[in-house]
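Asks: In case it helps, Swiss-Prot gives these features for our protein:
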ACT_SITE  ASP151  active site, proton donor/acceptor
ACT_SITE  TYR406  active site, nucleophile
BINDING   ARG118, ARG152, GLU277, GLU278, ARG293, ARG372  substrate binding site
DISULFID  CYS92-CYS419  disulfide bond
DISULFID  CYS124-CYS129  disulfide bond
DISULFID  CYS184-CYS231  disulfide bond
DISULFID  CYS233-CYS238  disulfide bond
DISULFID  CYS279-CYS292  disulfide bond
DISULFID  CYS281-CYS290  disulfide bond
DISULFID  CYS319-CYS337  disulfide bond
DISULFID  CYS423-CYS449  disulfide bond
CARBOHYD  ASN51  N-linked glycosylation site
CARBOHYD  ASN54  N-linked glycosylation site
CARBOHYD  ASN62  N-linked glycosylation site
CARBOHYD  ASN67  N-linked glycosylation site
CARBOHYD  ASN70  N-linked glycosylation site
CARBOHYD  ASN86  N-linked glycosylation site
CARBOHYD  ASN146  N-linked glycosylation site
CARBOHYD  ASN201  N-linked glycosylation site
CARBOHYD  ASN402  N-linked glycosylation site
REGION    11-33  region 'Involved in apical transport and lipid raft association'
REGION    91-470  region 'Head of neuraminidase'
TOPO_DOM  28-470  topological domain 'Virion surface'
TRANSMEM  7-27  transmembrane segment
Amino acid sequence: MNPNQKIICISATGMTLSVVSLLIGIANLGLNIGLHYKVGDTPGVNVPNENGTNSTTTIINNNTQNNFTNITNIIQTKTEEKTFLNLTKPLCEVNSWHILSKDNAIRIGEDAHILVTREPYLSCGPQGCRMFALSQGTTLRGRHANGTIHDRSPYRALISWEMGQAPSPYNTRVECIGWSSTSCHDGKSRMSICMSGPNNNASAVVWYGGRPATEIPSWAGNILRTQESECVCHNGVCPVVMTDGPANNRAATKIIYFKEGKIQKIEELTGSAQHIEECSCYGAKSVIKCICRDNWKGANRPVITIDPEMMTHTSKYLCSKILTDTSRPNDPIDGDCDAPITGGSPDPGVKGFAFLDGDNSWLGRTISKDSRSGYEMLKVPNAETSTQSGPVSHQVIVNNQNWSGYSGAFIDYWSNKECFNPCFYVELIRGRPKESSVLWTSNSIVALCGSKERLGSWSWHDGAEIIYFK
């Protein structure tokens, strides 16, 4: 082939490739236009509705590639309608307790940045359950951990984190600032309340949906405080128990009814309960029950029964002869429904809980009657109403060779069961005052939930070796 023929051949080949490329481009353009018309005519694709709560949103992303072909991605997302929680279901039958979560915060904190906390609890919402606690604004290994035995300081905050993890500066969310707290989800959004300030003039800030909604000043000038575990909501109404006044004498307790963070009604405590602190509340059958701490007199626990629809309440004492506060005397022959049963030393009380459901009633208490060590669950039928009621079943949660602490109730009200399954947590306190070789006071958490099966006991103690912190 001579040079002229080669040139003609190469030119012809180039022109052929150019024509083919042009035809491919025209075909792609036509296909892209056709796809756009088809998307516009499809009845299943809706215009985004930003005002509705039960809408379909369509997002069309046109991405231009290097070969000038437009690729259309269609993403459809549905937003579920948010509704207020209603406490219409009964409690589930419980024959024993199964492990739900254990964060091992102190063990992990020996070699990691774990926050110093106390007064922990769990609380659930439509998206799942989270752990909560009052942080001390420092880590276990931090120098500021010295002095964290004290309850109230400007450095404390209510934090929350994913259930099962240990709280660190990297995985926690600050809910509000303060040294006493409660928090609950109404089905639409979360309400959190924190108390802060000096003992003689503390105040509460109520947060709803991540924003401050209400402020409450002290009404007795003596450590305004609240539940230290979750509140409970019914049809948007969230009652919260608050106390202001002496810890060892008559104090001023109020039940405050909130809706979307705003006060709907305030009631002074009525009934036979003489002292109320640190209530543990749960809801079922449209009623909220709060089992509290009488820090003044009673080793039997006060019970507040709340009607959230009428926004009214009554109070009394747990009738059972099984005493559940610490310190406490030996269990008496008879309980008392209307008056505190005195006795026990040296500690005046500890936060605790119970589930009161006729034959399906369970009480929690420390195994030691004198100190915050060990923890057990006792099934006590009719504990709320019978002065003769005693245990028919028993399960060890923490053995008596290990420290416990506060305990409280919570329920995952969104678990789609035909009933509300009771759950509880136990605070496992480590450090001072019992273990003075370290400078800090902190805790880990263990949580369990009810089971219809009859499961065995095991000790879910903290497990950290304090000697490793020296």
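Glycine is treated like the rest: Cβ placed from N, Cα and C.
I'd like to know what surrounds each of these features in this structure.
Replies: In sequence order, ARG118, TRP179 are the residues near ASP151 (active site, proton donor/acceptor), counting only same-chain partners six or more apart with C-beta under 8 A.
DSSP gives TYR406 (active site, nucleophile) a coil state; it is part of no helix or strand. Residues within less than 8 Å, Cβ to Cβ, of TYR406 (active site, nucleophile) and separated from it by at least 6 positions along the same chain comprise GLU119, PRO120, GLU228, GLU278, VAL350, LYS351, GLY352, VAL426, GLU427.
Note on GLU278 (substrate binding site): other Cβ atoms within 10 Å of its Cβ, all shown chains, come to 26.
Counting every protein chain shown, the Cβ of CYS92 (disulfide bond) has 21 other Cβ atoms within 10 Å.
Remark: CYS124 (disulfide bond) has ARG130, HIS185, PHE410, ILE411, ASP412, TYR413, TRP414 as non-local neighbours, by Cβ distance under 8 Å and separation of at least 6 in sequence. DSSP gives CYS124 (disulfide bond) a strand state.
Around the Cβ of CYS231 (disulfide bond), the same chain contributes THR182, SER183, CYS184, MET191, ILE193, CYS238, PRO239, VAL240, CYS281, each under 8 angstroms and 6 or more positions distant in sequence.
In the three-state DSSP scheme, CYS238 (disulfide bond) falls into the strand class.
Sequence-distant contacts of CYS292 (disulfide bond), defined as residues of its own chain at least six apart whose C-beta falls under 8 angstroms from its C-beta, comprise VAL241, ALA273, ILE276, GLU277, GLU278, CYS279, SER280, ARG301, PRO302, VAL303, ILE304.
Following the DSSP three-state reduction, the secondary structure of CYS290 (disulfide bond) is strand.
Its Cβ taken as reference, CYS319 (disulfide bond) is surrounded by 23 other Cβ atoms within 10 Å in the chains shown.
Classification of CYS449 (disulfide bond) by DSSP places it within a strand.
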Asks: Drop a 10 Å sphere on every Cβ of the glycosylation sites ASN86, ASN146, ASN402 and tell me which sphere holds the fewest other Cβ atoms.
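Replies: Selected from the glycosylation sites ASN86, ASN146, ASN402 on minimum Cβ neighbours within 10 Å: ASN146.
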Asks: Minimum Cβ neighbour count within 10 Å among the binding-site residues ARG118, ARG152: which residue?
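Replies: The binding-site residues ARG118, ARG152 were compared, and ARG152 has the fewest Cβ atoms within 10 Å.
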Asks: According to DSSP, which of helix, strand or coil covers ASN201 (N-linked glycosylation site)?
Replies: helix
Asks: With a 10 Å radius around each C-beta, find which of these disulfide-bonded residues (CYS238, CYS279, CYS337, CYS423) has the fewest other C-beta atoms nearby.
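Replies: So among CYS238, CYS279, CYS337, CYS423, the disulfide-bonded residues given, the one with the fewest Cβ atoms within 10 Å is CYS337.
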Asks: Can you tell me the three-state DSSP label for CYS279 (disulfide bond)?
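Replies: For CYS279 (disulfide bond) - judged by DSSP and reduced to three states - the answer is strand.
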Asks: CA-CA, which of the recorded positions ASN86, CYS233, CYS337, CYS419, CYS423 lies nearest ARG372 (substrate binding site)?
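Replies: Of all the candidates listed, CYS423 is nearest in space.
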